[in-house]
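Participant: Dumping the structure here so I can ask a few things about it.
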Amino acid sequence: MAPGISNEKKNEDEQSSKGNAIHLCNPHLEKMKEDILYHFALGTGTHDFPALFGDVKFVCVGGSPSRMKAFIAYIAEELGLGSQGGDYPNICAGTDRYAMYKVGPVLSVSHGMGIPSISIMLHELIKLLYHAKCSNITLIRIGTSGGIGLEPGSVVITRQSVDATFKPQFEQVVLGKTIIRSTNLDEELAKELMQCSKEINEFNTVIGNTMCTLDFYEGQGRLDGAICLYNEEEKLQYLKAAYDSGVRNIEMESSVFAAMCNLSGVRAAVVCVTLLNRLEGDQISSSHDVLVEYQQRPQKLVGYFIKKSLGKV
């Protein structure tokens, strides 16, 4: 292994037995009198986390605050916990960084775009669940993506998140050293979600690898960014190589999501709808109404999974 590169897989395997409780890989937190979750505008000294969040069993995260508010209204109705015209207050109203909503055992949180944004959110979300003494948590990212070799509107349940070289790993630089973390996701959870999709039988769903990139344009081989120093043939060669390696969609958050959930012992999945087939183009040209319906598909699938898990199907 190259100098300055460390592989945490051994420790991760020991820590990620998917036990009942949240595992924090940080001994320093025990010495703190108060833990301020700055980007949530919450803190252990000002909020009673067990009272607020102790009953949470399902956490769904997605990029857009409005989408996550729509999801909590949807799941409230599905679980029979909503009221007609009922509003759901933003628990993180004290900040404009993220939005958080809760109904019954379901927490819905926005994470913004890209690895840095979701990483910050996950650090504070995992600590929130730990301080709330939550157990048996299922954490699912629902979102949008670009498909490879799939019809637009298809839903991809991630088997592994891979980097831009198709390796199932996430590289994190810590104190000047490159740490390599595994990006495997819970195989049984993926199978459960796939079975739910078969029972719904409303849209095409596959299990495949998801490529997580550092940006939307060059990192995903697009030809329509402000900078592009490759040609269409090179782009297609790259995307076809990705497909041949098992990649079925591309987004920008799954690698750090999988890595952090592994280290924290949280059962996790990524469920994303594809808005276009990248082998056929780069720009998203479907109508607004079509895109809205596509974006509801991961919500429908995960909503059905939650209902089934609670014995309400």
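Backbone N, Cα and C atoms are what each Cβ position is placed from, and that goes for glycine too.
Summarising the annotation, TrEMBL assigns phosphate binding site to ARG97, ARG141, ILE142, GLY143, THR144. Residues or ranges marked as substrate binding site by TrEMBL: GLN220, ARG222. The domain 'Nucleoside phosphorylase' annotation in TrEMBL covers 57-306.
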Participant: Count the Cβ atoms, other than its own, that fall within 10 Å of the Cβ of GLN220 (substrate binding site), considering every protein chain shown.
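Facilitator: Result for GLN220 (substrate binding site): 23 neighbouring Cβ atoms inside 10 Å.
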Participant: How far is it from THR144 (phosphate binding site) to GLN220 (substrate binding site), counting Cα to Cα, in Å?
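Facilitator: Here the two Cα atoms are 14 Å apart.
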Participant: Output the one of ARG97, ARG141 that, of all these binding-site residues, has the highest number of other Cβ atoms within 10 Å of its Cβ.
Facilitator: ARG141
Participant: Whole-number Å only: compute the distance from the Cα of GLY143 (phosphate binding site) to the Cα of GLN220 (substrate binding site).
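Facilitator: For GLY143 (phosphate binding site) versus GLN220 (substrate binding site), the Cα atoms are 17 Å apart.
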Participant: Out of these binding-site residues, GLY143, THR144, ARG222, which one has the fewest other C-beta atoms within 10 Å of its own C-beta?
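Facilitator: Checked GLY143, THR144, ARG222; of these binding-site residues, fewest Cβ neighbours within 10 Å: ARG222.
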Participant: Looking at phosphate and its recorded binding residues ARG97, ARG141, ILE142, GLY143, THR144, figure out the farthest C-alpha pair and report it in angstrom, whole number.
Facilitator: 20
Participant: Round to the nearest Å and give the CA-to-CA distance linking ARG141 (phosphate binding site) with GLN220 (substrate binding site).
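Facilitator: GLN220 (substrate binding site) has its Cα 20 Å from the Cα of ARG141 (phosphate binding site).
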Participant: Between GLN220 (substrate binding site) and ARG97 (phosphate binding site), find the distance joining the two CA atoms and give it rounded to the nearest Å.
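Facilitator: Between the Cα atoms of GLN220 (substrate binding site) and ARG97 (phosphate binding site), the distance comes to 26 Å.
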